[in-house]
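Visitor: My structure is below; once you've seen it, I'll send some questions.
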Amino acid sequence: MAGSVDAMLARAKDVCKRNGLLILSVLSVIVGCLLGFFLRTRRLTEQEISYFQFPGELLMRMLKMLILPLVVSSLMSGLAALDAKTSSRLGIFTIAYYLWTTFVAVIVGIIMVSIIHPGGAAQKENTEHSGKPVMSSADALLDLIRNMFPSNLVEATFKQYRTKNVPVVKSGKTALSESITHRILIYGIQDENGSHIQNFALDITPSPDVIYKSEPGTSDGMNVLGIVIFSATMGIMLGRMGTSGVPVVSFCQCLNESVMKIVAVSVWYFPFGIVFLIAGKILEMDDPTSIGKKLGFYAITVVCGLVVHGLFILPIMYLFITKKNPIVFIRGVLQALLIALATSSSSATLPITFKCLLENNHIDRRIARFVLPVGATINMDGTALYEAVAAIFIAQVNNYELDFGQIITIR
């Protein structure tokens, strides 16, 4: 009996030793949620919340600090180690897979929103239009292409191109608006005794016609897409240079290994930072009850779609392609999934994803160094899913029935 107890304790100790960081990460998510909802009852001020969030802010800063050296070194060293034919095949398969999963995510979102029909139960609010200009689809597409080829690589590390819509008065109406600038109506109102008249002036000048002009601008944030394109191109060229490119490739490999060692050390801070990061996000929320009444079914639809896509479709695809158990793979990257849940950023999760895939799932370094940075930049299944749900949800709230062609357009 004593021997069996000792064996169980030894096994439990071994499990905790091998999965200690994962266990701490799971517990930190639970503790962060409980702490956040508990502190909501304390009515903390905005200043107190900002102080409380400081450990979580440090976590985000640590993760973002490692993105740039990790993306550059991994892409350049990974593609330089592959021959031209292999790298081109890998790129084609990677892009095709990402496009396919994004397409499937949109289909799942459309199916879920059609089945649950969240717009029928949502509370519609009467809101005034702010008149804020909305970027056109053409400008958004052109900005995406411009960001693929940044004019300044140094600036691309902290800024990205973004078209701005600036309001200007329509030139054809200038003379007309000048001629009616002083159109004012003056009228008087007598008091009850009729002895005093109070004059009032009402400006009835029509407002000038305003149009929005597109002008070049920038927005804060790393231009990850441009850095990925440059690093991938540089890696391919270094691989074709042969022995003359070996020094740069060796430097990139050394840089990549050193960054991963930094990740291995800093990863022990993550459970502590996750607690304050999640709790701080909960404290920043508006009234959850009010939000639930307005968008409860919409949130349920999105979550159900993400669960179906992430826990059923993607594992089935993994099983079909690799003939391996997807549960084992998911268990290996569970810590990265928890970090992604806490940070809501695939780029910030990139260092932890590298560590999980290389150490737990034993993925080929050359493959991981190319696939992960590209995936963190262009593979946005969750975004595609909830945007498809949002478009149909808004139509349902306004009692607008979409036909099959319009749904295909959303897709």
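All residue numbers here begin at 1 and follow the chain in the order shown.
Cβ atoms here come from the backbone N, Cα and C positions, even for glycine.
Owing to the predicted nature of the structure, the values given are computational and were not obtained by experimental measurement.
Residues annotated as transmembrane segment in TrEMBL: 20-41, 62-82, 94-116, 222-242, 262-283, 295-321, 333-358.
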Visitor: Check the transmembrane segment (262-283) against each of 62-82, 295-321, 333-358 and return whichever range has the most CB pairs under 8 Å.
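Guide: Looking at each of 62-82, 295-321, 333-358 in turn, the most contacts to the transmembrane segment (262-283) are made by 333-358.
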Visitor: State the residues, same chain only, that lie 6 or more residues beyond the ends of the transmembrane segment (20-41) and have a CB under 8 A from a CB inside it; answer 'none' if no residue qualifies.
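Guide: For the transmembrane segment (20-41), the list is 52, 267-268, 270-272, 274-283, 285, 334-335, 338-339, 341-342.
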Visitor: Decide whether the stretches the transmembrane segment (94-116) and the transmembrane segment (295-321) have at least 3 CB pairs under 8 angstroms, with pairs required to be 6 or more apart in sequence.
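Guide: Answer yes: the transmembrane segment (94-116) meets the transmembrane segment (295-321) with 3 or more Cβ pairs below 8 Å.
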Visitor: Take the C-beta pairs under 8 A between the transmembrane segment (333-358) and each of 62-82, 222-242, 295-321. Which stretch has the highest count?
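Guide: If we count Cβ pairs closer than 8 Å to the transmembrane segment (333-358), 62-82 scores highest.
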Visitor: What residues elsewhere in the chain lie close to the transmembrane segment (222-242), defined as a C-beta under 8 angstroms and at least 6 residues from its ends?
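Guide: For the transmembrane segment (222-242), the nonlocal Cβ contacts are 64, 67-68, 71-72, 75-84, 87, 91, 144, 147-150, 153, 156-161, 248-249, 252, 347, 370, 373-374, 376-378.
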